[in-house]
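Chemist: Take this structure first; my questions come after.
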C-alpha cells in the first residue's frame, strides 16, 4: 500500500500512485487549514509546517519514519521509488511531550514559548529537525516518468546522521532518539520537570539541563552585550565630560579675560589715554551736543595745555574758604551740636572732564596738600611748591617708585601712571608724601566693629585725632591738624572735622571730590542753611563699607627717617584696627 504525501490517500500500486500524483500536478493545491492556493507542493509543505504547525500536530497522531520502496521482480534496481523519509510534524510532539491535559488547556494561551502542542524538550534537536524538514523536499526523490530525480540517502531529522538504507535509519532513530519519541500518557507516572526560567515542562532531566544551559548562554550573551553597552556608555559619558570641561575652561578663560579687561578699564590701565586725552574727548562731545561753543573749546584747550606744560593745577575746580564758613556756622547756629572739631584750612577740589570717574585719589591729595601748604610746620619740606595738576602728580609718584618706595605697588601698576587713567589710593599718597618728607601713617579698619556693619572704632580714632582739649574747651575747635585721607572700595574722600551731638553721637564732616563747585559755593554764604551741610555730614550709619583706610599726617620727616621709611616700604604694612 502506498500513501500520498499530499492528501494522505492510500493506493495499491505504483501506477495508481503515479496517476494520482498527476492529478495533483494538474489540479490546484489548496491548504486544508486556511484554503491557501496558487503555490507549488514544496511551498505548501513549508506553509503548513510554519503557519499551521499546531493544527497539523493535533490532527494527526505521531507517525514513525516511513520508508516506502517500490520495485518489480524484473528490474528492482531501476524501478525503485523511494519516498524519502517523511517525518510528520507530529514527531515534534514526542521530542519533549507535555502532559496531555496540560496541552489541551494551554492550546490557545501560550504560543510564544511552548508552542501549544510543540512540547520539545530539546531546543537543539528541534532546530536540527526544522533544518531536516527544509531539506525533506529534496530528499524525496522518485524515479519514473513523473519526476526525473536521483536517490538521496535518508538523514536523521534529529542529529543529521545519514544512513544508506531506511531500515538502518529507523533503527538509529529508535535506539538513539527513543526518548524523543516517547509520548507520555495522561495517566502515566512519568516525572515532569519544569524549567525555572520559562516554565517549559520536560520529561528528561538531562534535556532540561541542556534547555536551561541555553537560557544561561542567552543571558550570558545579553550580559556581554550589556557590558559592551555599559562600556560604550562610560566612554560616551567620558567624552561628554571632557567636552563639558573644555567648554567650562573656555568659558572661564573668556570670563577671566573680560574681567581683566573690565578691571583695566576700571583702574585706567586699558591704554585709552590719560587726563589730556579724556579732557579733549569730553570737550569735543560737549561741542557736538551744542553745550559748548567752539570758541570756548579752543580757549579751554589752550588753558589746559599751558597748565600741563607748567605742571600746576589751573584752580578752576577749587573752592576756598570752607573751614572759615563752617566756623561761623557752628558759632551762630547748629543748636543740636555739642562740640565740633575742624581741621586746618583746606581747599576743595572737584573732578573735571579730564579725570571724571577715576581722579578722586588725585583730587583728595590736592586737598590734603592745600592744607599742608598753608601750615607753617611744613614749609621746609614743601618750600616753594604749588598745587600740581593730575599728570604732574602721576609723574611725582613715578619718581617715588624710582627712588625705591613700594616696589610691589609699582609692579602692580606696571611702574607707569602718566598717560593712563589709573586710580591711586592711600598707599600711593603715602609714598608720595614720604618722598616729600611729610610724616604720615596708614590705619586699616579691615572689618566692621559695630552692629549692622558700622565702624564706631573709626569714628573714635578720628575724634581722638582732632580732640586735644578737655571739657572746658569752646564749642568750635579749629585745630592745626591737617585733613584725613579716607579710602574705601571704589572711592576716596577727605575728612575735615567731626561733630559731637548733644546725644553724644558722632558725625564726620567730609569733602567729596565728586561734589561740584556750585554745591560747595552754597557753604560760602553768610547765612548757611542746615540743609547745605547735608552733603558734608556723614553719620555712623552712612559709612558701612566692609573696609576703610585712613591716612593721617603727623609732621615732617628728617632725611634719615625718610630713608628708613623707604626701606620699610619694601614690604608695605599698615596699622590694623581692630
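For all residues, glycine too, the Cβ spot is worked out from N, Cα and C.
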Chemist: From 262, 475, 502, name the one Swiss-Prot lists as N6-acetyllysine.
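Modeler: When Swiss-Prot is consulted, N6-acetyllysine appears for 262.
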Chemist: In Swiss-Prot, which of 180-202, 203-225, 226-248, 295-317 is tagged region 'MIU'?
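Modeler: Feature region 'MIU' in Swiss-Prot: residues 226-248.
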Chemist: Give the range, chosen from 145-170, 249-274, 327-352, that Swiss-Prot lists as region 'zUBD/ZHA'.
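Modeler: That would be 249-274, per the region 'zUBD/ZHA' entry in Swiss-Prot.
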Chemist: For residue 262 (N6-acetyllysine), which DSSP three-state class applies?
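Modeler: SS state of residue 262 (N6-acetyllysine) = helix.
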Chemist: Please list residues from the chain of residue 491 (active site, proton acceptor) whose Cβ is under 8 angstroms from its Cβ, counting only those at least six apart in sequence.
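Modeler: Residues satisfying the criterion: 360, 514.
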Chemist: Taking DSSP three-state, what's residue 491 (active site, proton acceptor) in: helix, strand or coil?
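Modeler: Strand, per DSSP.
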Chemist: DSSP helix, strand and coil counts for the zinc finger (193-215)?
Modeler: 11 helix, 4 strand, 8 coil
Chemist: Taking the Cβ of residue 262 (N6-acetyllysine) as the centre, how many other Cβ atoms fall within a 10 Å radius?
Modeler: 11
